[in-house]
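Asks: Straight from Swiss-Prot, here's the annotation block:
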- 1-33: region 'Disordered' (REGION)
- 1-11: compositional bias 'Basic and acidic residues' (COMPBIAS)
- 12-21: compositional bias 'Acidic residues' (COMPBIAS)
- 36-75: repeat 'WD 1' (REPEAT)
- 125-163: repeat 'WD 3' (REPEAT)
- 166-205: repeat 'WD 4' (REPEAT)
- 208-247: repeat 'WD 5' (REPEAT)
- 362-383: region 'Disordered' (REGION)
- 365-383: compositional bias 'Acidic residues' (COMPBIAS)
Amino acid sequence: MDRTCEERPAEDGSDEEDPDSMEAPTRIRDTPEDIVLEAPASGLAFHPARDLLAAGDVDGDVFVFSYSCQEGETKELWSSGHHLKACRAVAFSEDGQKLVTVSKDKAIHVLDVEQGRLERRISKAHGAPINSLLLVDENVLATGDDMGGIRLWDQRKEGPLMDMRQHEEYIADMALDPAKKLLLTASGDGCLGVFNIKRRRFELLSEPQSGDLTSVTLMKCGKKVACGSSEGTIYLFNWNGFGATSDRFALRAESIDCMVPVTESLLCTGSTDGVIRAVNILPNRVVGSVGQHTGEPVGELALSHCGRFLASSGHDQRLKFWDMAQLRAVVVDDYRQRKKKGGPLRALSSKTWSTDDFFAGLREEGEDSMAQEEKEETGDDSD
């Protein structure tokens with residue numbers, strides 16, 4: 001296992017060294033150091049087994065970094081500038097040997113992870129800029145574009161396996177069920193889409209919700225589907241009940257721009273206000289704040305292969321790492337204790353709030369809409 005994902009070793013001062021040749025001890029941090037890019041990242045992904053992080057930026061460049069809690073050991077391994085416009089999404093293959101990227105230039109690229117060599121390019125893969133990417137298995141991938149188009153690709157073949165256009169707006173995000181049968185899509189038209197990729201057919205669209213659906217993920221062991229929205233609301237659907245929502249949970253956030261599951265009940269959201277919120281699903285609670293990009297929107301979130309680190313990208317051109325240990329230890333009780341109004345949002349890591357951070361006055365989420373939330377939760381907390 002990589003050192004970063006192990007417990008940090010205890011310092012051993014038993015070894016004697018020549019004072020004249022002693023070097024300053026290596027500092028071990030709680031999280032890797034921030035990575036500073038030349039442009040904001042618009043795609044982010046962790047390697048499935050190694051301590052590597054890939055990022056694609058709005059200039060079309062793709063980077064792969066090795067990260068470590070040892071100070072000075074987080075480094076760029078390589079970069080690629082093959083895309084002509086913004087790189088919108090990046091994803092590692094299941095075996096970790098390939099990196100797939102998609103771009104506003106309508107192209108799909110497959111890169112070798114070790115050297116960054118471009119192995120395959122599918123030019124004009126869509127008629128519109130590509131916005132989202134999901135790898136189904138080692139050979140098959142799905143892409144969604146700005147006009148609502150969905151395409152399924154087999155890297156061993158020429159041309160798409162499936163080409164659908166049921167949505168009226170851009171495809172913001174996609175998710176897959178464990179059986180790799182149903183592809184779920186979140187769209188700017190406010191609808192959740194369901195596509196059977198085994199039979200290569202369209203199944204249904206949900207009722208449109210208020211605002212764009214910006215993200216989608218499975219929760220509660222696949223029994224629930226959660227969608228984030230541009231209105232700052234999380235919409236919940238029952239599995240096999242995709243036509244209409246079963247519940248909704250409004251955060252006090254301008255929007256939910258990205259979302260990543262941490263456990264079967266906990267997820268993290270990134271918002272325009274720069275705050276990364278930890279949210280429990282059923283019972284619906286904002287648990288606290290994992291971190292923030294001060295005054296800058298959070299565009300992407302990703303969870304490391306060991307689950308220890310959350311990475312975030314903001315318009316401040318920084319990639320930040322957050323320790324998930326404290327969040328994973330949180331226990332959310334079904335009973336809601338009425339908190340004092342005006343209390344601060346609970347910090348879930350040592351570096352959540354900086355001393356000069358104007359977000360330090362951020363108030364507890366949802367207190368003035370408590371009654372509405374409790375009403376919405378009633379009768380739906382059980383699966």
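Cβ from N, Cα, C; glycine included.
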Asks: Any idea what the model's mean pLDDT is for the repeat 'WD 1' (36-75)?
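Replies: Summing pLDDT over the repeat 'WD 1' (36-75) and dividing by its length gives 98.
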Asks: Mind checking how the repeat 'WD 1' (36-75) divides into helix, strand and coil residues in DSSP?
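Replies: Counting residues by DSSP class gives 0 helix, 20 strand, 20 coil.
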Asks: Just give the helix, strand and coil counts over the repeat 'WD 5' (208-247), going by DSSP.
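Replies: Helix (H, G, I), strand (E, B), coil: 3 helix, 21 strand, 16 coil.
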